Structure formats: C-alpha cells, structure tokens
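Working notes, beginning with the structure itself.
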Amino acid sequence: MREPGFWHRPPSLVSRLLLPIAAIYGNIAAARMQKAGTTVGVPVLCVGNYHMGGAGKTPTTLALVALLREFGETPVVLSRGYGGRLQGPVQVDPSRHSAADIGDEPLMMARRVPVVVARDRTDGAALACALGATVILMDDGFQNPALTKDASLIVVDSHRSIGNGSVFPAGPLRAPLPLQVARTDALVVVGDGTAADGLAQQITTKGGVVLRARLVPEPASVEALRGRRVLAFAGIGDPARFVATLRDSGVEVVEQRAFADHHPFTAEELAELAAAAKRDGLTLVTTEKDLARIGGAQQALGVEIVPFAVTLAFGDEAKLRLFLLDRLNGARAAKLAGRR
C-alpha cells in the first residue's frame, strides 16, 4: 500500500473528514491490544512500529540478533510473514521458500538467523521453542495481543516520526498513541532528524528508554557501486530514505523509481527498469528486501541488480546492552516465579 501524502502533513481537511472512521478503528484496535496474551517459556522481545509502513524494524531486529548472540543466547525470529501465502507455522528455508511463500522480510532475515513464519503467533512461538530458541524476537506484532511481551521496542524514523499523529485512515497510526506509548519499553529513533523528539520525550517521561541509531551501509555494498551511475528503485516504507542513504554514501543516483511497500514486481516492470538501465548506461540497485521479492526473475533480465545492504548502528550500545540484560533477567525471574 502506498501511503497517502496527507498522512505526513499537518492535519488536513481530508484527515479531519476521516476522523469518525478513525475513531471506530482506534477503539477496535485499542480493545484488541488490551486482551490477555499467552505466556511463553522463553523471553519474548517485540520490535514494532506505531504506524503503518516501515521505519527500520528489520535492521533493528538483525542488530538485536547480533547482540543477543554475544550474550550467548539463541534467538529465533517470529514473523507473521506479511505478503506470503503460507499460514505456518513453518521455519523459513531460503533454498526452498520464496517471498511469495513467506514474505520478503522473513526470507531476507532467514539467511542470517532462524526465522519462523506463522499467522498464529502462539503456534509460531511453540515452533521457535522447539527449534531451541532461548529468546523469541517478534518482527512486528506490537499491536497483536496473542503473546505476552517481555519487552517492546518501537522503531521510528527521526525525519518522518508518526506523521500527522492520527489513527488510520485519518493518519498512519495503527492504534491510539497514548495506549501505544504506555506499552512501550524502548523507543529506537533512526536517523539524525528531530521530528521524533517530542515522542522521545513522552517515552522518557514515562520511564522508558530512548535509543538513537543510524543506518550504516555495508562497505562491500558501497565498494560494489564505486564509480557507477545508478538507477535506484525500491518498494519499501520510505523509498526516499533509501535514495538519500545511497547519495550520502557517495553513490551517483541518476534515476530513481519508487514503489509501494512490499510491492510485487511484475515481469513488465522489471523489464522496463532493465531497459532504462541499458539505455542510459546505468546500474540497477535496490534494497535487500526488494531483491528477495524479485528472486530468480532477475536472471531473465540480462542486467545485474545490485543489492545495497545496510546495518543498524546504535549510538549508545552500552545502554542497549543494559536494557536487554535487564529485560531478559527480569523475564526469566518472573517466569521462574510463575512456575513455583
């Protein structure tokens, strides 16, 4: 879905006209969020958003995977598998599954960490535990009440923040903001913008943790594009941020194409991109997530598509480590006490 422009502008007439529907949607979402969830035998850490679209959940999840492994943990990622056809629960196998089966993000992450896809998150958690998980990382699912969460980390872009602050469809929020803030343990602010400063203050006031982070291009990706003129395309939550990251890395972006988040590229669209690149002597570059959706279709194009990989770097990693250790220890103590 491509986000309406008015979501990221001050409240407009269109937004105000949609407020009655937003109130109904918000009440339903709030009631659902407050339902009791199933408690799992291992800590459950949720990485989510307040709003529709992306803000950097997947890089955040992978960064947490790396830290948890340093602690000696065995993390397994649990995903709904947005955009995939399989109901699950199923462990993602990159050699067997496609993005059409299990979604682009699970497929991309499964090359680095065990990933379970399940529409029913309780069933998915059971499979994750059977695979030996000592910690479950929920990729999205903050508003889903199926599992009791031991910590919720919310990712927000520092330039876009939460848009006009209204609930869908008047704005991008998935549920009323006060309820979401109340259930947030840590806010991960990605980038050097100031749009999320007010939100960060709300989290600090309620006793939550604010973590600053930035997306860092992997050196190999930058080197692969050195001296090349590129046509950048992406179907993610914020394609403009992808292009900005490329340019900030010194990549010469000559042309760009933006698609809706999780866009299923057709053969015709890919052929048009390939033709444009050949015509103008450009290199096609996209995100790892987009390349996961394209899959084997690129082989028929006759041109190379270069994935541009990024990782998330935290400004105060020690603060994050303390937060994670505190939550893991607290969760385990509570679960142990509950079994007595």
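Glycine is no exception: its Cβ is also placed from the backbone N, Cα and C atoms.
What Swiss-Prot says about this protein:
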| type | residues | note |
| --- | --- | --- |
| BINDING | H51, M52, G53, G54, A55, G56, K57, T58 | ATP binding site |
Top of the binding-site residues H51, K57 by count of other CB atoms within 10 A is H51
Cβ-based isolation winner (fewest other Cβ atoms within 10 Å) among the binding-site residues M52, G53, A55, G56, T58 = M52
Ten-angstrom check, please: count other Cβ atoms within 10 Å of the Cβ of G54 (ATP binding site), all chains counted.
-> 20
Can you see whether DSSP assigns H51 (ATP binding site) to helix, strand or coil?
-> strand
Sorted by sequence, non-H51, M52, G53, G54, A55, G56, K57, T58 residues with Cβ within 8 Å of centre, ATP = N49, V155, D157, G237, D238
